[in-house]
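S.K.: Supplied in structure tokens, the structure appears directly below.
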Amino acid sequence: MNYLSNLNVFKRRRNTSSTDSSSAVSSPATPATTFTDGGSSSRAPPVAPAPAVDDGNTPQRKKKRKKGRKRTVSVVPISEVTEASLELWRSLPPKIRHDPSMVSFQQVELEHARLHGDCHEDSFPEIQGLEEDGAEEDDEEEEEEDDEEYENEFITINVTNEEGQNKEIGHVKEKKEIPKPHVHHLAGHYIGNITPPKHDDLNDTGQNQLDEDHPFRKYSKIICLFITWLMIMAFMVVKDEKLVEPKHLSISPFKTKAYILPHLPQSSRIKVTLEGTFLSEPYNNITENYLTVYLQMLSSTLEANFSEPYESSSAKNISEPWYIPIVHPYLFDSAPIVKEQRLFDIAESNYEHLHKANHPSLVRLMIRSNIPASMPVEIRYDQSPVNRDVGVIYAAFVLIFLYVLIIWEIVHRTFAAVIASTLAISILAALNDRPTMEDIIGWIDVETILLLFSMMILVAILAETGIFDFLSVYIYKITNGKIWSLIHGLCLCTVLISSFLDNVTTVLLMAPITIRLCEVMDMNPVPILMAITVHANIGGTTTPVGDPPNIIITSNQYILKHGVTFLNFTAHMLVGVIIVVITTNIHLRIIYKNINHLRMHEPKELKELRRNIKVWERAAGKIPPYSKDANIVRETLMKKVKLLRHQYKKKMTKGTVPEDIYRSTLEELQREHPIKNRALLIKSGVVCVFIVSLFFIESIPELRRLSSGWAALLGVVLLLIISDKNDMDAVLSRVEWPTLLFFAAMFTLMEAVERMGLIDWIGHATETIILSVSEDLRLAVAIVIILWISALTSAFVDSIPVTAMMVKIVVALSGKAYLGLPLQPMVWALAFGPCLGGNGTLVGASANVICAGIAEQHGYRFSFMDYFKLGFPIMLVSVIVTTGYLIMAHVVFAWH
């Protein structure tokens, strides 16, 4: 008698004697799949329905499920199990045969074993639990030894075809697959698909030693840098510093003052600088008082002393007149001193005539006033100015050289900035415009350096109180182990703080908290730190005191006099910032859709799920679909694969820490990281409030006495006094000296590039484009050009000189009445541009460099390209969104 028929008789007897042990196998969540074979001769007679699993709705079942029990999922009903498919199922590995998804085969096998008296009750723990608990299976606990035994066993699948012949399908040895975890190194972090160097390629400080393994790369780098050093050395030794001595002149009323230039020009260009009570360019059309300046050439055939009257000399004008508007004479004593510069071009024929040996000639500057009063002016004459047509090319070369060194990490970024700035100065020397040491020192923004230095000391002292560890534990507590809740919370907190504090200060405060919190949650701090930095730059756009470019913009007197106040500035910027923050967070969710990219290591449960998916797929792949009996087993295996994939995807995107790990870790952290020094924390808190108060007072013009740098320094000095710090070496050791040197070198480089004419060239190109369109489109084009030019330029050039240059363009465009361009929309575009553009590259904003320095100090390093891959797309999306907002607000609805 067929054993399946006996199984049916046995099951009917059990059902009549004990109704508690029978229920439907199919889970409510996964209905049973019925397979038909078209009347196959190997089909077993129908059997009774298999016991069903309780759906867990009763309180008892819910309680058991909370303890870790899982629901049994049936794919094939017992009635579909054939003799051939059962034989095929027996050839599968034990781990797959014992899986809950194979419960139909397990029950048939169990009944068969009981009928023949060879039943082993421990062979199918899932079935026993199903009978005892009403379809609830026991907790599945896998031992490491069982996994190894299973992974190393051979799978031989025998299929019985319709003629009853056995055929061996495959004989494959399953090998254990070791998942590849995220790469992490204490002193250097590699993210994404970046392949890290081997362990032997990293020294104790995390520096890449690939150069030692590749002598060509090492020596080629040394040779190139040595050649650069030779060029710098040659230019600096050959050329002297350019000293331009100022001269004071008095211009008589309605008379022309002739000032003989002490030297003949060495090129066809002469740069003249005048300082006096002049009107700035926007006010040119409100006065009729002018100085007229032009160049005149004197030539003579007599060998006479040109200090005598020039009766025998001939005069010839060799330049176009230059008109400088001046204030009314009664304002001479109170008007501010304004500097005006002009580059006079001398025709080639006149220049050749000046240097003929047989025709002694000289050049004099002619200045005439049309006001009825004497006017004092200061004049500087530069006989060999930089040829800006050539200087722009050299400036671009220096910037490309700098970014090659930084992007490919040929040298440390601080050393790269020092080399590039020194090279820029040497090129100025080659162009006969070598700056003096006083000029170079004046180029460095001491206020920014002072602010950074003071805030670094403040953060170092705050770290001794344990407040950062305490805050990290508190944030970890309120997020309940949810990764995205943590990230969004940190980003919004950063935006809020950066709105009222400088974004550099915000990063100094938030970066240690973020790093500690990521370490607690076993997350990769690098992408979180970059997200924090991006939001610090976005938040700094909100208020006039949030970012240095905003301070430059709102400090302009012309802009202040035309209705740009703290309140309306914040109101216009806040709407755009909210939109940008929302789009940026959506962008982050898309980029890190796979939550494992944010983890330090892949969770063990995800590794196990991924391994199980491949094991089940391989087992299903060994069964060819030429037999309907084989299809039954194959479909069962693929249903299980689908279920495992769903679980893997859910866990991969869920982004939470397991509850038991979260609780145990929280308790441990709360014990290990309390507030260490409450007295010092109170003192530091008082000083922080004092510094922030000074920052707010500084934003009020009537109370502006201290700059941000002085306010921070005075606060730090107060903290050192009341905290009685004697070990200054420990405090100063935490100052990022390489970062401060990097900023000093970058300030020098940007001023040298500006002196070569690159920034002015960008400004003139912008003005030309705006003037080339029709009047109806000028406002929209002006907004787009100012926003995008300042953003893209600030991504690769420091935003401070870019903003200083663009402010001049905005004021000039607004002052030209025939253009009809309102000031405020261009001001908002200019405020958005440099702040959002700073997110484009690692050197685009000060906060980016500070964050990279803090990360490297804590053992995590991200390169220029790592930041570029995240920051530049976010910058582009932010600028696109801001463009739409500004055009809708000011072109369509004319909010201004």
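From the backbone N, Cα and C atoms, a Cβ is placed for every residue, glycine too.
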S.K.: From 217-235, 483-501, which range did TrEMBL mark with transmembrane segment?
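M.R.: Transmembrane segment, as annotated by TrEMBL, spans 483-501.
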S.K.: Hey, which bits of the same chain come close to the transmembrane segment (451-476), Cβ under 8 Å, at least six residues off its ends?
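M.R.: Result: 486, 489-490, 502, 504-505, 508-509, 512-513, 516-517, 520-521, 665-666, 669-670, 673-678, 680-681, 684, 687-688, 691, 708-709, 712-713, 715-716, 719-720, 723, 725, 731-732, 734-736, 739-740, 743, 846, 850.
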S.K.: Between 415-431, 706-723, 735-753, 804-821, 867-895, who has the most Cβ pairs under 8 Å to the transmembrane segment (569-592)?
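M.R.: By Cβ pairs under 8 Å, 867-895 leads among 415-431, 706-723, 735-753, 804-821, 867-895.
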S.K.: I need to check the long-range neighbours of the transmembrane segment (391-408): which residues 6 or more away from its ends have a CB within less than 8 Å of a CB in the stretch?
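M.R.: Counting only partners 6 or more residues beyond its ends, the transmembrane segment (391-408) has Cβ contacts under 8 Å with 416-417, 419-420, 423-424, 427, 431, 749, 752-753, 755-758, 761, 796-797, 842-843, 863-865, 868.
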S.K.: Report the listed stretch (415-431, 706-723, 867-895) having the maximum count of Cβ pairs within less than 8 Å of the transmembrane segment (680-700).
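M.R.: So the stretch in question is 706-723.
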S.K.: Take the C-beta pairs under 8 A between the transmembrane segment (415-431) and each of 706-723, 735-753, 777-797, 804-821, 867-895. Which stretch has the highest count?
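M.R.: Between the stretches 706-723, 735-753, 777-797, 804-821, 867-895, 735-753 has the largest tally.
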S.K.: Cβ pairs under 8 Å with the transmembrane segment (777-797): which stretch of 706-723, 804-821, 867-895 has the most?
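M.R.: Highest pair count goes to 867-895.
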